[in-house]
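Peer 1: My questions will all concern the structure given below.
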Amino acid sequence: MKNILDFTLEELKEWMKENGENAFRAKQIFDWIYKKEVFNFEEMKNISKALIGKLSENFYIGIPEVIDYLSSSEDGTRKILLGLGDGNIIECVIMKYKYGNSICVSTQIGCRMGCKFCASTLEGMVRNLTAGEILSEVLIGQKLLGERISNIVLMGSGEPLDNYDNVMKFLEIVNADYGLNIGQRHITLSTCGLVPKIREMADKEMQVTLAISLHAVSDEKRKTIMPIANKYSISEILDACNYYIEKTGRRITFEYSLVSGVNDTKEDAKSLGRLLKGMLCHVNLIPVNEIKENEFKKSTKKDIETFLNTLKTYGVEATVRREMGSDINAACGQLRRSYIKSKGLKL
């Protein structure tokens with residue numbers, strides 16, 4: 001049996017025709033799933049019993065089990081722990097803003113990028129999520145919240161461009177009129193810098209915001225915290241980013257996790273300012289999430305403020321990310337790890 005959430009409208013239309021059904025039935029079924037949040041074929045009232053029988057024999061609607069659902073008492077952030085059909089566990093985070101609801105989704109179970117400050121990569125890669133599994137995070141998030149999700153950030157567990165085909169299919173369905181109809185300009189994809197895939201994505205001329213996890217201003221320093229730096233230099237990443245800007249007209253976001261004594265000095269800020277000066281970009285400064293498995297500590301408020309103000313002297317737009325959901329382990333990978341460990345399960 002196949003997860004119907006892995007299908008585009010054209011693919012489901014083709015299946016309908018191959019199985020003696022009218023192609024327009026595909027749109028009706030997706031209306032039930034994406035517009036009416038009905039996740040059971042039997043409840044689709046304008047679908048014949050015969051077709052429901054065929055659907056039930058060939059497909060399932062892959063909505064995961066909700067294992068845990070936490071709400072922050074500080075800012076209303078929600079953390080959802082989900083169980084997949086194969087026993088694996090993923091997580092997503094819903095953040096409430098004045099402009100609407102945003103969800104941070106995972107794209108892989110674990111991650112093989114090995115970034116030193118990230119909890120989701122500690123035990124390596126388990127497997128990629130399918131397009132439908134990524135979609136299910138948004139669907140279950142909306143269902144639990146009881147409100148529309150208007151923004152998506154691909155910043156949860158996993159490297160999205162390491163799961164390129166499934167992520168591109170997810171973006172197609174989530175953006176489509178028949179899907180969740182979320183505009184590409186309301187979607188941000190974060191990558192540690194897989195240069196060929198950045199260029200491939202640029203050639204699609206999508207309007208998705210590209211966010212680069214930079215975190216250091218020299219290749220030498222970046223190699224100590226991000227193994228991907230051994231493969232792609234900062235210069236190569238910036239060239240790919242400029243190509244993305246040229247093809248899409250979209251501003252790039254650079255994410256920079258501030259780690260005390262590692263990359264947070266005034267000289268680091270000056271180097272970053274010189275590196276990005278004149279580029280169509282924005283820098284998102286992130287106080288690092290402290291985890292037990294490493295000794296990284298957050299920069300002081302004073303050092304963060306100095307870093308921010310120094311960047312601005314170079315004409316580089318920058319802000320400090322507001323920490324959300326800290327009381328519920330909202331950073332990517334943290335809740336999954338703590339849950340699995342508490343149950344004595346294997347990561």
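Here the Cβ of each residue, glycine as well, is placed from N, Cα and C on the backbone.
These figures come from a predicted structure and were not determined experimentally.
Below are the features I grabbed from Swiss-Prot:
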ACT_SITE  E91  active site, proton acceptor
DOMAIN    97-327  domain 'Radical SAM core'
DISULFID  C104-C332  disulfide bond
BINDING   C111, C115, C118  [4Fe-4S] cluster binding site
BINDING   G158, E159, S190, S213, L214, H215, N289  S-adenosyl-L-methionine binding site
ACT_SITE  C332  active site, S-methylcysteine intermediate
Peer 1: Per DSSP, to which secondary structure element type does C118 ([4Fe-4S] cluster binding site) belong, with helix, strand and coil as the options?
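Peer 2: For C118 ([4Fe-4S] cluster binding site) - judged by DSSP and reduced to three states - the answer is coil.
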Peer 1: Spatial neighbours of N289 (S-adenosyl-L-methionine binding site) among the recorded positions E91, C115, C118, defined as Cα within 10 A: which are they?
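Peer 2: Near N289 (S-adenosyl-L-methionine binding site), where near means Cα within 10 Å, the recorded positions are C118.
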Peer 1: Where does the mean pLDDT land for the domain 'Radical SAM core' (97-327)?
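Peer 2: Taking every residue of the domain 'Radical SAM core' (97-327) together, the mean pLDDT is 94.
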Peer 1: Using C-alpha positions only, work out which of the recorded positions C104, C115, C118 is nearest to L214 (S-adenosyl-L-methionine binding site).
Peer 2: C115
Peer 1: Can you tell me how far the Cα of C104 (disulfide bond) sits from the Cα of H215 (S-adenosyl-L-methionine binding site), in Å?
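Peer 2: Pair distance, Cα basis, whole Å: 20 Å.
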Peer 1: Pull out the binding-site residues from the set G158, E159, S190, S213, H215 whose C-alpha sits within 10 Å of the C-alpha of C111 ([4Fe-4S] cluster binding site).
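Peer 2: Those near C111 ([4Fe-4S] cluster binding site) - Cα within 10 Å - are G158, E159, in sequence order.
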Peer 1: Roughly how wide, in whole Å, is the group G158, E159, S190, S213, L214, H215, N289 that binds S-adenosyl-L-methionine, by largest Cα to Cα distance?
Peer 2: 18
Peer 1: Pick out which of the recorded positions E91, C118, G158 has the most other Cβ atoms within 10 Å of its own Cβ.
Peer 2: G158
Peer 1: Test of understanding: give the count of other CB atoms lying within 10 angstroms of the CB of C115 ([4Fe-4S] cluster binding site).
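Peer 2: If we count other Cβ atoms within 10 Å of C115 ([4Fe-4S] cluster binding site), we arrive at 20.
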Peer 1: Under 8 Å Cβ-Cβ from S190 (S-adenosyl-L-methionine binding site), six or more apart in the same chain: what's there?
Peer 2: V153, L154, M155, P160, A211, I212, S213, E255
